[in-house]
Every structure is written in structure tokens, then in C-alpha cells.
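Straight from TrEMBL, the features:
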DOMAIN    43-295  domain 'G-protein coupled receptors family 1 profile'
TRANSMEM  29-51  transmembrane segment
TRANSMEM  63-89  transmembrane segment
TRANSMEM  101-122  transmembrane segment
TRANSMEM  142-165  transmembrane segment
TRANSMEM  200-228  transmembrane segment
TRANSMEM  240-262  transmembrane segment
TRANSMEM  274-295  transmembrane segment
Amino acid sequence: MSITNGTVFMPSVLTFIAIPGLETVQCWIGIPFCAMYIIALIGNSLLLIIIKSEPSLHEPMYIFLAMLGATDIALSTSIVPKMLGIFWLHLPEIYFDACLFQMWLIHTFQGIESGVLLAMALDRYVAICYPLRHATIFTRQLVIHIGVGVALRPAVLVIPCLLLIKCRLKLYRTRLISHTYCEHMALVKLATEDVYINKFYGLLGAFIVGGLDFILTTLSYIQIFITVFHLSQKEARLKAFNTCVPHICVFFQFYLLAFFSFFTHRSGSCIPAYIHITLSNLYLLVPPFLNPFVYGMKTKHIRDKVVKVFFPKHQA
């Protein structure tokens, strides 16, 4: 690394500023983030254990839910330990290559979560609109193929982002990142060179993963609602609708925060940095924290298994 005319050539180490403007209270901000992380780990681990140990839950919907839980654990773990190191241990530095690796992990797990939400929506679409064909369409082999595709798609698409940064961008204004984790645009904005290609590919990748998933998921739920409202029996309508409620709740909480974080990085100069960064952190922490509660309370089979685990005498 060398410094010339105020620019840094290929910095080997970067430094997180964390949340600008809230430096004096960051040690306190870390407490709710740590609590959310611990609850997310416990809740999603419990979800995985219940689904794995109960043969009756080895169905596509619950297999996708297990994938979502595993992704939530991995996503929050790729962010929170380093964040707490910044807040509590005053360890803001990170190697440049480690920053790129963290970026790959975060955006890959984000893409996997988006893909799993789409898979769950398609599963509900087939189960409600074509109930007699659901078992023949969503076979175990198809579920495995969907799982592999959902994992590989973002993992491969994010790699060019890293290569474009590593190979194209050599000069940086500063080594300081105004964030708590390595995010693509936060790092690209540090460069003094033309970053049009980086921004364009970032937008393209976001649309291929998040944009298409959002459109297809929305269309699936619209078709589900149309089918549900045409059911003649009220009980059948309520039952079909209730199976979709937890999926819709998770879908909205994920994409509302995702769109806010995405667009403020590109056109949110009027939004204070501490608000943007705080909400960006919540975008990555709230879904892993809330998902076990949403599915645990709204999915009867899982709720019954949780009661059986913690209150065996009551269940008997």
C-alpha cells in the first residue's frame, strides 16, 4: 500500500467507522444487536432440530423452511461477530481480501434467502392452486435441484463483483468505510476511478436475484389469493389463507428493508448516514430474528412440536 496525493493505492487494510455520529453510544447499540443475534441462533437452531427430528415435517414447505433457518444463521454470523468486535473491543480494521470475502458471504446469503422465499411461494402456489398435483410436482429430487440452484445462483453472480473491485479499482480516497460490514456499494464509493461498470453489474446482479424473485413471488401470491377467493367453502378459504400468512409476513419484512437499503445506497444522500447504516444492519438482522417466531406461532405443526419439546407433560 502507498499513499499518493491523498489517495491510497491498493490498501491492504480497511477500517470500519461503524455508525457515523453515534460513536459515543455504539457500545450500547451493540446490546440489542447481540440479543437479536443470540435469539436468532437459538430460534433457527431449534427450528432445524425440530424439522430434522420429525419425519412428518420432511415435506417441501418445511425443507425450504429449514433452508431459510440455516441461511439466517449463516447470514447473521457473517456480520454480527465483527460488528460487536467494532462496538465493544475496538477492532475496526479488516484485511482488504477478508472484506471482499465477507462481502461475498453477505450478498450470497442474501440471495439464497431471496431464492428460498421464492421457492416457498411456488410451493404454496402449487399446493393451493393444484393440490392434487403437488406431490408429483414437488418431488424430493426437484426440491434438491431447487436447493442447489438457489445456493449456486447468488454465489456465482457475486464473484464478478469481487473481481471487478480487485482487478479494476486501484486508487481509493480513504481506507475508512462508513459501515459496520463490507457492502458492495460502500466499498465501491471509496474508489477514485470510474466505477460505472461496478455499479452497472451490481444493479444487474441485484435485479437477476432480488428483482426477479420479488416479481415472481408477488405474482405467485396474487394467483394464490385469486384461487383462495374463488373457493366456495369459507373454512377452506381460511385454511388456505392461514398457510400463506407466515410466508407473506416474512416476504414483506425482508423486501421492505431490502429495497430501502438498496436504494439509499444509490440515491439516498438526503438520508443521514446513521439512519441508513442502522437500518441496513436491521435489514440483515431482523429477518433471522423474527422468522422463527413468525413460523413458530403461525405454523401449527411446528407450534405443536415446540410445545411437545418444552412442555411434554402438558402435551400428554
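Each residue, glycine too, has its Cβ placed from N, Cα and C.
At the 8 Å Cβ threshold, with sequence separation of at least 6, the transmembrane segment (274-295) lacks contact with the transmembrane segment (200-228), having fewer than 3 such pairs. As a quick check, the transmembrane segment (63-89) and the transmembrane segment (200-228) miss the bar of 3 or more Cβ pairs under 8 A, pairs 6 or more apart, so the two do not touch.
Confidence across the domain 'G-protein coupled receptors family 1 profile' (43-295), taken as the mean pLDDT and rounded to a whole number, stands at 87.
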